[in-house]
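As recorded in Swiss-Prot, the features of this protein are as follows:
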- 1-249: domain 'Deacetylase sirtuin-type' (DOMAIN)
- 20-39, 98-101, 190-192, 216-218, ALA234: NAD(+) binding site (BINDING)
- TYR64, ARG67: substrate binding site (BINDING)
- HIS116: active site, proton acceptor (ACT_SITE)
- CYS124, CYS127, CYS150, CYS153: Zn(2+) binding site (BINDING)
Amino acid sequence: MMAEVARVLASSKNVIAFTGAGISAESGIPTFRGKDGLWKKYRPEELATPEAFERNPKLVWDFYKWRIKKILKAKPNPAHYALVELEKMGILKAVITQNVDDLHREAGTKNLIELHGNIFRVRCTSCEFREHLKESGRIDEILSEDLPKCPKCGSLLRPDVVWFGEPLPSKELNEAFKLAKEADVVIVVGTSGLVYPAAYIPYIVKDSGGVVIEINVQKSGITPIADFFLRGKAGEILPKLVQEVRRIL
């Protein structure tokens, strides 16, 4: 099946990738839904909400500081780099991710759409201020503050991520849906396919006559519409797939 999938990719003009927590789990980042997603006995869905932040911003910030420290230790894995290779080969047009860990960008992906935000970005709860902490070099400063404040207006800063119950950013979502309509192939990597509206992306590709390739350690909500299902770790499968594509080209 690997050779057949490689042939599909090699002959495609417009491929997109749609990635979820599974691709980052291989870099050692706990998934929200897994048993290792717990922090101090709290479930993420108890903390990653606007209500929790309003009730106890310090608790929510402590949770995010813990996640930031964990993610800072993580490195992109072979799956991230394989997607970069496909982009360099001119096959992959964009990566649409549900992850907030910045690993795709760190690996070198150029055209990246982050549907759920980025844990290294902060935004003000009052004014328009936004900041990417890796770019500004202020990660340590934010981690050392009890409650990070906006340098412009002094209001509370919050992580620039999408919390449970919040809408996805319309610009990114519209762009992702547009790419999905135009794509002839989507590579779905490590997503449960349960978080909507993001999970519509493979369905849009399918409805537009495209091919759905899924790479996952287990079956997901996307599997029923997948034309190809490659079971296993993305870090093992994607590099092999890239090798096969190279051989064909």
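Glycine is no exception: its Cβ is also placed from the backbone N, Cα and C atoms.
The structure, with features from Swiss-Prot marked on it.
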residue: GLY20; record: NAD(+) binding site; CB count, 10 Å: 26
residue: SER24; record: NAD(+) binding site; CB count, 10 Å: 28
residue: GLY28; record: NAD(+) binding site; CB count, 10 Å: 13
residue: TYR64; record: substrate binding site; CB count, 10 Å: 23
residue: HIS116; record: active site, proton acceptor; CB count, 10 Å: 19
residue: CYS127; record: Zn(2+) binding site; CB count, 10 Å: 12
residue: CYS150; record: Zn(2+) binding site; CB count, 10 Å: 20
residue: CYS153; record: Zn(2+) binding site; CB count, 10 Å: 13
residue: GLY190; record: NAD(+) binding site; CB count, 10 Å: 26
residue: VAL217; record: NAD(+) binding site; CB count, 10 Å: 13
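Of all the binding-site residues in the record (TYR64, ARG67, GLN98, GLY190, VAL217), the one with the smallest CA separation from CYS124 (Zn(2+) binding site) is TYR64. Nearest to HIS116 (active site, proton acceptor) in space, judged by Cα atoms and limited to the binding-site residues GLY20, TYR64, CYS150, CYS153, is GLY20. Calculated from their C-alpha atoms, the gap between GLY28 (NAD(+) binding site) and CYS127 (Zn(2+) binding site) amounts to 35 Å. Following the DSSP three-state reduction, the secondary structure of CYS124 (Zn(2+) binding site) is strand.
When the Cα atoms are compared, CYS150 (Zn(2+) binding site) and TYR64 (substrate binding site) turn out to be 17 Å apart.
Per-residue confidence over the domain 'Deacetylase sirtuin-type' (1-249) averages out at a pLDDT of 94.
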